[in-house]
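Annotated transmembrane segment per TrEMBL: 7-25, in sequence order. The feature Mg(2+) binding site is assigned by TrEMBL to ASP98, SER213, GLU372. TrEMBL lists ASP98, ASP377, HIS381, ASP418, HIS419, HIS493 with the feature Zn(2+) binding site. Sequence annotations record features per position, and here TrEMBL assigns active site, phosphoserine intermediate to SER148.
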Amino acid sequence: MIAVRKYFYKFSFYVTLTLIFFRVFDVDCVTIGDPYHKELFDAIEQKERILFYENRLTPENERSTEFWLEEAQRYVKKRATGSFNSQKAKNIILFLGDGMSISTITAARILKGQRQGCTGEESILTFDKFPFTGLVKTYCTNGQTPDSACTATAYLCGIKTNVMMLGVNANVQNNNCSDSMNREHQIDSIVQWAQKAGKSTGLVTTTTITNASPSAGYAHVANRLWECDNDIINTKAIIGPGEECKDIAQQLITSEPGKNLNVILGGGMGKFLPKHKVDAFGAKGERRDGLDLIDHWHSNYPQGIFVTNLEELEQVDFNETKQLLGLFHSSHLEYYRKAKVERPKQPRLKDMTKAAIKMLEKNSEGYFLFVEGGRIDHGHHETRAAYALDETLELDEAIQTALDLTDDRETLMVVTSDHSHTMTISGYQSRGNPILGLNERDLDLDGTPYSVLNYAIGPQQYMDSNGKRLDLTNFISDNMIFPSYIKALMGTHAGEDVAIFARGPQADLFSGTLQQNVIPHLMAYAACIGNGLHL
């Protein structure tokens with residue numbers, strides 16, 4: 001009894017102390033129970049910031065209960081009355097937004113709407129309207145966070161492999177050419193599966209055509225950096241006595257399935273020319289072996305058309321042309337927001353997509369086309385969010401172009417990403433806050449404005465000599481390097497799942513949570529190609 005009474009007194013003392021603490025320090029019990037949302041509660045309670053939820057921020061029609069109920073009912077009816085297309089896919093188009101994380105999709109959607117004069121959040125991207133969506137696990141065999149090589153091997157070849165590897169399995173060691181040239185370690189891609197089925201094939205990208213993403217469709221290397229022979233020399237590759245180590249550009253032009261591609265459109269002309277030659281853009285070639293792979297391509301396809309700018313691309317007679325090679329920059333294509341001013345003759349991704357479809361659609365057996373918005377990733381690495389979002393909208397326009405040119409009764413269209421990035425949309429900014437601007441409603445604890453978009457890792461922290469964060473008001477611009485928490489030379493990839501969207505024949509297969517290497521097998525199943533299950 002005495003022990004119980006002592007316990008009771010002790011309990012009463014701590015309860016009393018707690019109540020005194022709450023009263024003296026004016027602590028809200030709700031915020032203590034949910035500390036993660038304290039800023040939100042403060043924003044509502046503080047009188048001077050009540051505009052955070054002022055009605056003027058809400059469009060008139062959205063204040064009505066009926067508006068939301070009717071919108072929901074329309075969506076339910078659309079989903080409930082929709083039907084699966086169980087036919088065989090004649091054509092397959094895979095759109096890849098390199099580094100297009102889910103936060104990138106959200107921010108790009110808002111930017112699209114704001115460019116149209118709307119608040120932005122209610123906007124819709126073209127692929128938002130695809131009826132089937134899912135999540136994709138992006139890890140690689142030796143990496144929790146992947147790169148664009150092991151992921152490309154997954155979504156084009158159907159297996160997971162080591163970071164930096166293209167078209168080979170995880171038995172290959174980094175930089176070991178002897179391993180990668182061993183046919184037992186090489187993996188065929190959906191490009192080859194499609195060609196064997198009699199379909200036409202094409203690759204389109206805004207990066208070098210020898211960059212990681214498209215290269216998994218045709219190359220087998222132990223280092224994604226081996227875009228030309230000079231790169232192999234510089235990385236000091238491990239090569240056995242008397243062995244040949246073929247670089248990516250050489251494999252594209254001289255080996256299967258690369259040499260059989262009907263359409264090749266992208267950048268990287270320097271990787272195809274010897275050092276003593278100057279390309280169409282005034283830069284010297286990069287090859288040490290003296291090979292001119294563009295001449296080699298012409299010798300294989302004397303009737304093929306080679307183009308270097310938008311005007312030449314638009315003049316191509318697609319009905320009469322069987323092979324099309326387009327290299328539009330010495331290296332990666334310029335970001336569109338810069339190209340429209342500095343390089344107006346550079347084709348946009350939608351221009352290349354249109355040309356590719358016009359070339360490939362002539363085949364009665366159908367086609368496989370890979371289209372990459374590759375510079376989304378580069379924008380994020382530079383932590384230039386405006387560039388990354390603009391390139392995402394360029395991809396969106398290319399997808400709309402493809403929709404306009406195809407019939408979804410026979411064309412399976414898949415949109416996804418290879419990996420995520422560390423950009424976040426942070427704070428409690430109000431509806432319609434400029435997505436590329438500062439949070440107009442919230443300040444940090446020091447009373448300093450902060451940007452809506454931020455990166456976990458990157459080159460710029462915007463700190464003064466005392467370690468206090470700078471006011472970003474005068475830094476906001478289209479070319480701004482957005483702030484990051486951890487200092488590094490550039491932004492990095494992130495490891496979370498990415499989204500996948502699908503429409504057309506067998507599109508319902510692309511739902512739920514998928515392993516990335518399942519993607520080409522599902523596409524192959526839908527088109528009855530490859531060595532897997534067929535309808």
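Cβ atoms are placed via backbone N, Cα and C, with glycine included.
TrEMBL labels come from automatic prediction, so no person has curated them.
Keep in mind it's a predicted model, so treat the numbers as computed, not measured.
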Using a 10 Å cut-off on CB atoms, tell me which of the binding-site residues HIS419, HIS493 is the least crowded.
HIS493
Compute the centroid of the Cβ atoms of ASP98, ASP377, HIS381, ASP418, HIS419, HIS493, then list the same-chain residues not in that set whose Cβ lies within 8 Å of it, in sequence order, for the Zn(2+) site.
GLY99, ASP147, SER148, ILE376, HIS380, SER417, SER420, HIS421
Do me a favour and check the Cα-Cα span between HIS381 (Zn(2+) binding site) and ASP98 (Mg(2+) binding site); whole Å is fine.
11
Separation of alpha carbons, SER213 (Mg(2+) binding site) and ASP377 (Zn(2+) binding site) (Å):
11
Going along the chain, which residues six or more apart from the residue listed as 'active site, phosphoserine intermediate' have their CB under 8 A from its CB?
ASP98, ASN211, ALA212, SER213, ARG224, ASP377, ASP418, HIS419
List, in sequence order, the same-chain residues at least six positions removed whose CB sits under 8 Å from that of GLU372 (Mg(2+) binding site)?
PHE95, LEU96, GLY97, ASP98, VAL204, THR205, THR206, THR207, SER213, PRO214
